[in-house]
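A quick write-up on the structure given underneath.
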């Protein structure tokens, strides 16, 4: 094969693997905002018999229920059929679920469609970060994995404006009792598009080299590393070093019989599993998805203008401010965004709750209008206070977008050994969806019954998350996936961890030096051709390996 063809293949695989999160994240984003824009339309209220707070909570929660099931089963599918094929299987579920939602003739079929589509989202949310982390170079791993979050924000934004356009452009608008059901059927039907795009696009994506290696398909694993990391050059020192590290890690894991969920409860590993699960729990308990699912209710309570239009601003903020976080995540690290983000989200929630407590009042017949009929507590005709509350909402979203948004997906995907990564991440992601389900169901009754006190509850969760991340979340920036044992088993307190020179860089230098002396590594078995000199290399908790150079 000519060099030009090799480079073309390398470019296609490298860019396709990096671009994968866009449609997959779009599915997640469409899921999150699939209800937010239709809640304020008369078409939805009339067709589904004005759902009570508990029924609406059940409708909204049906999709994260499916996502919880998808996340729990994702590790089996991903380890058995590969990360790539598991995502294509998920796409089929998404298309079926979107079809059911679009054709829903009642609450039952709507919930079935949301559960089926949610199953896809659960698989994708667990597998895409794993797939990305296993392919991306360590220098840009945070950026590549966090592209998932940016794609999610785009999915949220696009779906919301499709809903907004359908609501405003259908018959008499969102307040017309005779509004056509197209106001919600169009947005739910359009959801199929990113699923089809992702299914077809995956044919151009490579398999994970670490998954290939786990199946003893070493030659294929090497080809992927060459195309993605070496730009088609099989002699690139970083490619050879990465191959060697994968082989060492896999050999060690097999010697330790790290093969099942039992490995996740081993003392040292269980600490990491709890950290990954708790981080995903905090990402829900911080209150962000409440802003996504029920932002229309929150804007109604603030008493400021058109709730649908006012709510749209925060989706734009979410997209715009996720981008700098992606660009700088591999410079900022992981700890600082988690700690700082929790602190400021706590601040905005406390302020918002205090303003509503001080200036709000029950929403009675005297204050109730068509635009605020869904809430029981409202800030009425106090525009400066309403602006302040909405501003706190925007600042909250901006804080999440630049901190927890990208890090909450990147961190759990990179802290586990390859043999248990899919299983561990599936548990972490399942935790995310468990709390997502609970909150989706519980928030409408909370908004109706305890009003502003709900903000204090979520502010307290953020305070606890801030303390937890400071004490127990070590810095992982700059380390390869195979070096995470070093990070977590070193005995150094989390608050004293910092970025170090990666062993992969040192190993690449050793290989380059060996090649400079005319000694070539024997690719395929991870061993060097015997020579006159040996170099000791260690990989944290792995056994010392003597390499001839």
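Numbers run from 1 along the shown chain.
Backbone N, Cα and C define each Cβ position, glycine as well.
TrEMBL does not curate its annotations; it predicts them automatically.
Listed in TrEMBL for this protein:
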DOMAIN    17-477  domain 'Major facilitator superfamily (MFS) profile'
REGION    525-549  region 'Disordered'
TRANSMEM  57-77  transmembrane segment
TRANSMEM  89-109  transmembrane segment
TRANSMEM  115-132  transmembrane segment
TRANSMEM  144-166  transmembrane segment
TRANSMEM  186-207  transmembrane segment
TRANSMEM  273-296  transmembrane segment
TRANSMEM  308-329  transmembrane segment
TRANSMEM  338-359  transmembrane segment
TRANSMEM  385-404  transmembrane segment
TRANSMEM  425-448  transmembrane segment
TRANSMEM  454-473  transmembrane segment
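Contact between the transmembrane segment (308-329) and the transmembrane segment (385-404) is present: at least three CB pairs lie under 8 Å, with pairs separated by 6 or more positions in sequence. In the predicted model, residues of the domain 'Major facilitator superfamily (MFS) profile' (17-477) average a pLDDT of 87. At the 8 Å Cβ threshold, with sequence separation of at least 6, the transmembrane segment (115-132) comes into contact with the transmembrane segment (425-448) through 3 or more pairs. Note: the stretches the transmembrane segment (89-109) and the transmembrane segment (186-207) are in contact (3+ CB pairs below 8 A, sequence gap of 6 or more).
Within its own chain, the transmembrane segment (385-404) is flanked in space by residues 153, 282-283, 286-288, 291, 295, 298-299, 302-304, 310, 313-314, 317-322, 324-325, 337-338, 340-342, 344-345, 348-349, 351-352, 355-356, 359, 379, which lie at least six positions past its ends and keep a Cβ under 8 Å from the stretch.
When each of 57-77, 144-166, 186-207, 273-296, 454-473 is scored by its Cβ pairs under 8 Å to the transmembrane segment (338-359), the top-ranked stretch turns out to be 454-473.
If one looks beyond the transmembrane segment (57-77) by at least 6 residues along the same chain, the residues whose Cβ comes under 8 Å of a Cβ in the stretch are 31, 34-35, 48, 51, 86, 89-90, 93, 97, 107, 110-112, 114-127, 293-294, 422-423, 425-427, 429-430, 432-434, 436-438, 440-445. Between the transmembrane segment (425-448) and the stretches 144-166, 273-296, 454-473, Cβ pairs under 8 Å are most numerous for 273-296.
Same-chain residues lying 6+ beyond the ends of the transmembrane segment (144-166) with a Cβ under 8 Å from its Cβ atoms: 18, 21-34, 36-38, 128-129, 132-133, 135-136, 182-184, 186-187, 190-191, 194, 292, 308-309, 311-312, 315-316, 318-319, 322-323, 325-326, 329, 401, 405-410, 413-414.
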